[in-house]
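Here's the structure we're looking at; comments come further down.
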């Protein structure tokens, strides 16, 4: 099972924004509280962040689909929805982010470096945010928009100062194990090293990193062997060390022919343009500082071979070191030579002026409308496609099940000038209008409808509870009316009291009692009998 992966295709998508809320405020003694629908929360972002604890892209090889959380919907009482949580994906130092077509999007170098791979969608506005003097009680809200979604390629390019290059079984892994604390897999068969190994070397006051790159063969620049899979790990290195096998038993190989083949492959390999220097030029691999390490001189034949080829290599301008990973012969001298090259490269970088990307301000043109209309033909019928950030975003925010929301969209498009531009382009009633690309919304254009006002049974943005409220009594008027009612009740009670004292009600009651006949009791009638 693979434990090291340096190239993956990652499918990322930001969270969808929450929908706005349609709500009317309800509170005691406030029957006309007005709209109080809150805004939806924004969707979460997907961020790539450099983490030194991460050394491989293996996790994304097994789980390539990553999605941030969505934003929460808005609620009543002006409560906004919860924003979606940001999804942070740790990547190794030296990860290059590319698009599907190979365009470099970001080069992540340094602890904590971040890149937003997919931004979350914004949340929709609630009806409280949409209210105005003309639209006092909106009966609709805006929908949240989906987050960005893209397929990106992650490539890991090792961060090292020196790269060890050479044929398989030349002893590169043995050298890095002898010079540092790295413990790569070492065996006596070709292509034992299948992943780059990094080791830290201390030479005097200079501390640097060396990379053990898997063996290269003829045609590696064209993809043969491990080819491009590991040549890219050499691109960041300031210098190269050719590790030549002086103890090879193959009859058709020798250090000089091995060096010629490796140099040819390095010359053919095209370095990524993202590694250009301060002058904007890329330094080819075969033009960088190079050292030659004649390895395995501890063998009798190896020592003789090293002494035989050394004059020829020095005549070509190489600094040659006879080393042995087994006996550690010559490793100290090789380490200090590497440190000298690394220090010179670092000093050159510090002395170079900082590369500053100028900020270009491009003001919007006076006649810029924020949209454009493209005329197309579909089934021999004209089709007008409206493109632009604003109209496309407005369509995504519209709830087409709500007539008032559709009318609001029509108003916005009319104010933007879409209808006027359609007239200029020769659009006729009944023509098809599409807002957006292939996934856009299709309309049958009817210019006689004034911004969709006829779609509503009542004026848009109004509430019958708020209509004709100009004659509503004020609080002082209400208190006066209440006092008048109290005074009227007190006057009525006083009048009744005056009538009672005058005996009007008493005489009438006494008269009715006198007019009633007196009934004899049963006892009296019994006695008479």
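Any Cβ shown, glycine's included, is placed from N, Cα and C.
Taken from Swiss-Prot, the feature domain 'Obg' covers 2-159, and the record attributes it to sequence analysis. Positions annotated as domain 'OBG-type G' by Swiss-Prot: 160-343. Per Swiss-Prot, GTP binding site is recorded for 166-173, 191-195, 212-215, 295-298, 324-326. For 173, 193, the entry in Swiss-Prot reads Mg(2+) binding site. Here Swiss-Prot flags 363-447 as domain 'OCT', drawing on sequence analysis. What Swiss-Prot records for 461-529 is region 'Disordered'. The compositional bias 'Basic and acidic residues' annotation in Swiss-Prot covers 462-502.
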I'd like the number of other C-beta atoms within 10 A of the C-beta of residue 324 (GTP binding site), please.
25
Given the binding-site residues 166, 214, 296, 324, tell me which ones have a C-alpha lying within 10 Å of the C-alpha of residue 173 (Mg(2+) binding site).
214
Please list the DSSP helix, strand and coil residue counts for the domain 'OCT' (363-447).
30 helix, 22 strand, 33 coil
Look up residue 172 (GTP binding site) in the DSSP assignment and reduce it to helix, strand or coil.
helix
Could you tell me which three-state DSSP class residue 324 (GTP binding site) falls into?
coil
